[in-house]
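Encoded as structure tokens, here's the structure I'll be asking about.
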There are 2 protein chains.
Amino acid sequence: MSYCDTCVIRNQAICSALSTEELSALNGIGRRRELEPGESLMWEGDDSLLVANVIDGVLKLSTGTEDGREQIVGVVYPSDFIGRPFGATSSQNVTALTNARVCIFSRSDFDAFASQHPALEHKLLQRTLSELDRTRRWMLLLGRKNAEEKLATFLLEMADRLGTEANGTISFDLPFSRQQVGDVLGLTIETVSRQITRLKKEGVIDLPSRRAVTILDRQSLEDRAG
Amino acid sequence: MSYCDTCVIRNQAICSALSTEELSALNGIGRRRELEPGESLMWEGDDSLLVANVIDGVLKLSTGTEDGREQIVGVVYPSDFIGRPFGATSSQNVTALTNARVCIFSRSDFDAFASQHPALEHKLLQRTLSELDRTRRWMLLLGRKNAEEKLATFLLEMADRLGTEANGTISFDLPFSRQQVGDVLGLTIETVSRQITRLKKEGVIDLPSRRAVTILDRQSLEDRAG
DNA sequence: CGCCGACTTGAAGAATTTCAAGGTGTGTGG
DNA sequence: CCACACACCTTGAAATTCTTCAAGTCGGCG
């Protein structure tokens, strides 16, 4: 009996490339770990000692300057892969935003296993290529969009990832604090707050609680997203 | 006699994963193409019909908004790989900045070939992972650095990529116009110009001609890079 | 009830953009 | 060979956006 047998992301994660026997071999070198919000799994600049699959929860990838400015460079969800295989150092911090469960492997074990399983590497390549595309599209937001466009784009992305629809509106709970939204968008917390408040005042969104968002007028958000 | 036999990037590009026979098979599905500055090889949103290796020259990857704002999301040099294998659409424009030579493959041919050559996919995976790391680090610059830090970081990167050292100074020719530097850094052309002029006035760099840069005080640039 | 952290709001300040000229260098045609 | 046009770059001044600094407010929890 292996963890993988009951794994909910078994068919979405890169593991889906493997046969039952191969999976059981992979299971042998992996182990589960739970993370609490704020807990980190890797640190920027550290040796790349492990890689992992996200089973449940949301985590952020971030980098920072010496003087404490931070930029969130990626957000990962269940079935996403984290860590840097085939490389000596981690180039980002990986930190849980919510309670999270991950399936971790020592990097050397994973590298060896992957090198012998081309189908797994193929899945990982596809994932990495998509992630690179998504990351590059985000650069347009960071470099060229203003605060309103940034917030609108961000809320639409969150809605697509996390939203549930009910009678024409889309609702979700943000896995981010206001400061973290700022760290994703390259804005200060105050600018984020003002833009969100403004969207609410103008009837585009509703804010049932601090972390909850309801999109009332998706079209308007799209118009504002640039 | 194949193109590959005399190819100068033969041992740096992903082709280095292949044996002589495999290389000759790859050679059979590829062809050379020359590009002039400003000429594009792919367009954002178009079907992904080809992929390529850069043999010579410098090319930019860019995305834009509908209203004409542009963001350069990557710069590629000899031996780099371009295009989107295993995906339906290109998510960036690819445009030559200098005269360039590339070795192009139809995407479907390349996908089929790669799927049968795990060592090639492995190289491509490593390259893509490094590129993703580099791209994410650049996001810190776009989201959190000010104009001076952006220019200093940019000039240091150019120096590392293109610079030649001579009695304590590093010189190179920028493959970018001022506008394009702005498109890389998320700044206007005027801000770029002012920052560059300021670095010159303060004796950190010299500008022998419009495109030429000499770094006189690397340490000062590093201090300003944040 | 009151404290604390997270968030909001306001006012002032700074950085960057925008708008508008003014240079500079290169190539072309007279 | 000079003059001119054109593209690219620089510079200045005003406008705008975003940040910074400084109070408030809100909601949960001891």
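Note that the numbers count up from 1, one per residue, in the order the chain is shown.
Just so it is clear, glycine is given a Cβ too, placed from its N, Cα and C backbone atoms.
According to TrEMBL, the protein has these features:
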- A:14-83: domain 'Cyclic nucleotide-binding' (DOMAIN)
- A:145-219: domain 'HTH crp-type' (DOMAIN)
Which numbers of helix, strand and coil residues does DSSP report for the domain 'Cyclic nucleotide-binding' (A:14-83)?
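Output for the domain 'Cyclic nucleotide-binding' (A:14-83) reads 14 helix, 32 strand, 24 coil.
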For the domain 'HTH crp-type' (A:145-219), DSSP counts of helix, strand and coil?
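The counts are 39 helix, 14 strand, 22 coil.
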Let me know the model's mean pLDDT on the domain 'HTH crp-type' (A:145-219).
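Here the mean pLDDT over the domain 'HTH crp-type' (A:145-219) amounts to 97.
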